[in-house]
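One structure coming up, written as structure tokens, with questions to follow.
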């Protein structure tokens, strides 16, 4: 973060401060991560009030605080009506001071991967800030802006939402030069009602782009025409993996044994070959989106190629690892909706092995919850997945729909025991690929950890028993 005087922050917030005019170089909203010299922003909500933690923040080194109620703590304080709004204004203040070129992107699927792809491209050219993890809501976006340094020439901002007007608000903070709507699918249905509601929410990003800015749209998405009516015909480009008339198109898509795609990136000016380091056909679309956004910033195709090919798997998003010579793990545990689960299953079935979908509950689907899980079961069966193991109350629907290949569990320990048994009782030459997928609340990465430990223990026990048998045989011979 750039250095800001507390008095300047107070002026930006149209508020008064009490105490010394200290210089702020870092902001925190969490007392667990407070560092010496931080400004603590005391956020409040329906079930919490961080004003009561100001004293703790001061003890841990905070030198000032933004509060909604004056606290009897001996550090300078700025009192505001709404600390969440204040955090947003502070983030916007830093964005305006640094004034980087900003790309903002949203969509039901692929936001984080596309963000990382675009950041990898832009970092080839100049210092670039990108959203960390999924800090993409009305708190995460300003916290990301507060990480801007004076040398940053680009910022890549991921914007998410689980309710209406959230993207309109965060777009107003980041003031983007280029925006992307990647796609719309059944995610956060509880907050938006239906796909039309999601499409409307995603389109909020279009109203916030700068006057001479550009919009990048997915020509393959069912809502493409809807979004097209909301943008200036001269201020947008599109991409497609199926339509050769698109501005950015992928030709000659092929897949390596690893599941990673190669394709010909075709742009309005030139084309080149791309070898992606991430698996799945859907990542070809993400790469096209990133390439189109980069081109809007004037980045040449050689640099785009360098950036895309330097991109590696993001933790929890189709990260493929070889646990043992006969056990491959696909960690796609970070989040899930129906489209991303299907895309992950497509990657799973690419491998010539015994393929197992290990699935936790998909959340925030409202009245469509049962139907969406049943669709997963049908799709797994259709794609000839060998086993479907589920963990959770609602994911049970996927196992039931999958029929004889499905097994349902309520808790991870039982799930992991069953998986370990499946693997250890199989012939030694049998190779397994296990895809772990679920919403964030399902915490399927914990199941991966439990299984890894379980298999290690089983291996150690097998070695111990083998040694014991050998020693026994020697004693008998003697």
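Even glycines carry a Cβ here, placed using N, Cα and C.
All annotation found in TrEMBL is predicted automatically rather than curated by experts.
From TrEMBL, here are the annotated features:
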type	residues	note
DOMAIN	106-294	domain 'Mur ligase central'
BINDING	107, 108, 109, 110, 111, 112, 113	ATP binding site
DOMAIN	316-424	domain 'Mur ligase C-terminal'
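Surface or core, plus neighbours and distances: that's what I need for these features.
Take the CB of residue 112 (ATP binding site) and look out to 10 A: across all protein chains shown you find 22 other CB atoms.
When pLDDT is averaged over the domain 'Mur ligase C-terminal' (316-424), the result is 95.
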For the domain 'Mur ligase C-terminal' (316-424), jot down how many residues DSSP puts in helix, in strand and in coil.
51 helix, 29 strand, 29 coil
Counting all other Cβ atoms within 10 Å across every protein chain shown, which of the binding-site residues 107, 109, 110, 111, 113 scores highest?
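When each Cβ's neighbours within 10 Å are tallied, 110 tops the list.
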Starting from the Cβ centroid of 107, 108, 109, 110, 111, 112, 113, which together make up the recorded ATP site, report each further residue of the same chain whose Cβ lies within 8 Å of that point, ordered by sequence.
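Same chain, not in 107, 108, 109, 110, 111, 112, 113, Cβ within 8 Å: 114, 182, 183, 286, 340.
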